[in-house]
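Undergrad: Just dropping this structure here.
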Amino acid sequence: QYSFKEVFGTLVAQKELFDVVAKPLVEDLIRGKNGLLFTYGVTGSGKTHTMTGSPGDGGLLPRCLAMIFNSIGPFQAKRFVFKLDDKNGVDVQSEVEALLERQRREALPTPKTPAGKRQLDPEFADMIDAQDHCRAGEVDEDNVYGVFVSYIEIYNNYIYDLLEEAPCDSIKPKWNSCNTPVRNGDFVPPQSKILREDQNHNMYVTGCTEVEVKSTEEAFEVFWRGQKKRRIANTQLNRESSRSHSVFIIKLAQAPLDADGDNVLQEKEQITLSQLSLVDLAGSERTNRTKAEGNRLREAGNINQSLMTLRTCIEVLRENQLYGTNKMVPYRDSKLTHLFKNYFDGEGKVRMIVCVNPKAEDYEESLQVMRFAEVTQEVEVARPLDRPLCGLTPGRRLRNQAFREELSRKLELRGGPVGAGPEEPSAAELFFQSFPPLPSCELLDINDDQTLPKLIEALEQRHKMRQMLAEEFAKNVLAFKTMLQEFDSSVASKENYIQGKLAEKEKTITGQKTELERLEKKIKTLEYKIEILEKTATIYEEDKRNLQQELESKSQKLQRQASDKRRLEARLQGMVTETSLKWEKECERRVAAKQLEMQNKLWVKDEKLKQLKAIVTEPRAERPERPSREREREKPLPRSVSPSPAPSAPALPLRSRRSRSAGERWVDHRPPSHVPTETLLQPRMPRAITVDAPSERALARCDRYLLTHQELASDGEIQTKLIKGDVFKTRGGGQAVQFTDIETLKQESPTGRKRRSSPPDPDPAGDAADSEWTDVETRCSVAVEMRAGSALGPGFQHHAQPK
């Protein structure tokens, strides 16, 4: 069991995951704080899907961009007001400098499409349109904002810029016979970037492309352009496995407005630069499962090494915090940990999303991932960040806007701008003013002959000027008509050209539509074939599982039969060995009896020859008496009375040797797995303490120690070993046991011999020894042997082996 701050199910929506995990990081970004969010897990567990999303349901990255631009949309600065330098800093430019920079960029041969007219790539258009209008709660309206994005990847412990225009292929040097790299002038491999530390001790990538964006669409288009360059490969576990760690960095620059609320405050100390890093880690994998070879194997080794370094850094940080140590954290062992060193040192908030695939094959890897992720929760890395104080009155922007609106309203009410001069004359008034002025037309005297001639002269001048203007106007009209005709002809030619082009395009579109229809039909056919193949594969997999289960059951059955066979062979071998030993002893005893019998017969013959010689030589001598040994042999052997054994009684266990003194106490150690034999005779020790496991308290109260150990003998019966020892005190005040003796107690099955009575007329010479053996053997079903020097009484077998 592992505990986490939040656990999401398999059917969780991207919005719910964003609201819980990423939304607080975006709010901190707008407040000027740094944040780090990365996905961690086994390969194929859904890390890239969690970060990027799918069509119609965007992931964490597009939702973060949408929330940023929804929050700061009306407060964004114009393009190039903020300008990033090469040392992880930011400068602010005036409106004039920003305008000149925009004009210079627009004069470049490849001008950028304005954000309002940008045509979105249909591959990711659905990921942005589906975003909810989420915005931050607190946005400082007296600031202006600028957003910059960059996209890098860490591949084989090298950092590459995914937004760079250079070809992005791995460095594969070729070597000649002199062990020197071969230079290829056609191919220029991409240069890996270098990590540096700025004046605030933050790590950054030098020479990395940073693009200023003004909308969610523009930012995600930049991300998608870099995503196409990211290295992915097909493995046994994932069709599109990420072979590198990708880092998408969002930088937010903000600066306060001046006291009037019109322009940006031109003070670099008042600029706040915060960043949010979204990291899609490559998945850890085992090469014996992915069957990686060549470059894939080298990539997997570098991926696992960087993840191991990340784990080591987290564990060292945790140990330093828990135990107060000051161990050096090995950030420099990997580019991944070195880049985010300032986050782990407390320069921001860190969030980890652990992606788990519930496949049974990923069980062990998932356990390691969750164990590491649970440990990381105990590391505290965030600390408060001090923001610069500008000292200006808040609400400047709103008051300035309200003042402008009120001023424009009052000017409209007064009929024009304040202090305006007389209205400028119109074009008709200027035209009439160009005519000569008319003289006075008043006739005060009937004899006045000057007023009318002057008026006639002025009117004639005006008439001539009017004719001149009419002629000039007619000329202009003719020229304009000519221009219109030329324009109409050019327009007609262009229309014809455009019509031809349109016809060609329509033909192309028709051909493409036909090709699309053909491809759609082919796709449907292939989908149908794929469906059939999937069904066939499912059937084959089911048959394979059934055959595997059958094979496993048969193999288990064969293993059981083999174990039974081995056990039976061992038992038979033990029985054969026991029988052979028994018959060897019996043969030896019979040979000894025959030898004794023959010796007795020879002695009898010798005695008879001596008696015959004595009779021949000394006829009057007395007959020598028969030796006592001969008489004893002629006497009938007394048969001892013994009870008949039970035919089906089990073998008797052997009793242990008596204690050396009656005052000794024993510790009888019998493990919990001890099997009671339920026989008639059992090892008995008075005043014994029986325990399942030895303890110091029990050993302190006793003098002797006995361990009962059971095992299976070669004949299949239970064999019990009694391991004895002496208990003595040590110098440290504890108890120690010194083993001194081992007794082996065996169980033997009855031989099944029946008691036989002596024949009515036994042969005294030939069957003497045989009768002895028969009497002893038939009196007891189990023959018990006692070694010489044993302190036990008759009827007990004692095998003592000193240790």
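Placed from the backbone N, Cα and C atoms, the Cβ positions cover glycine too.
TrEMBL does not curate its annotations; it predicts them automatically.
The shown structure was predicted, so the numbers you read here are calculated from the model rather than taken from an experiment.
Feature list, courtesy of TrEMBL:
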{"type": "DOMAIN", "residues": "1-379", "note": "domain 'Kinesin motor'"}
{"type": "BINDING", "residues": "G41, V42, T43, G44, S45, G46, K47, T48", "note": "ATP binding site"}
{"type": "COILED", "residues": "502-571", "note": "coiled coil"}
{"type": "REGION", "residues": "615-686", "note": "region 'Disordered'"}
{"type": "COMPBIAS", "residues": "619-637", "note": "compositional bias 'Basic and acidic residues'"}
{"type": "COMPBIAS", "residues": "661-671", "note": "compositional bias 'Basic and acidic residues'"}
{"type": "REGION", "residues": "743-775", "note": "region 'Disordered'"}
Undergrad: Since the record lists G41, G44, G46 as binding-site residues, which of them has the fewest other Cβ atoms within 10 Å of its Cβ?
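TA: So among G41, G44, G46, the binding-site residues given, the one with the fewest Cβ atoms within 10 Å is G46.
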Undergrad: Other than its own, how many Cβ atoms are within 10 Å of the Cβ belonging to K47 (ATP binding site)?
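TA: Around K47 (ATP binding site), other Cβ atoms within 10 Å: 23.
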Undergrad: Might you list, by sequence position, any residue in that chain lying six or more from S45 (ATP binding site) with a Cβ less than 8 Å away from its Cβ?
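TA: Set apart from S45 (ATP binding site) by at least 6 residues yet with Cβ under 8 Å, we have G283, C355, V356, N357, D362, S366.
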Undergrad: 10 Å Cβ neighbour count around T43 (ATP binding site)?
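TA: There are 24 of them.
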Undergrad: Suppose we draw a 10 Å sphere around the Cβ of V42 (ATP binding site). How many other Cβ atoms does it contain, all chains included?
TA: 25
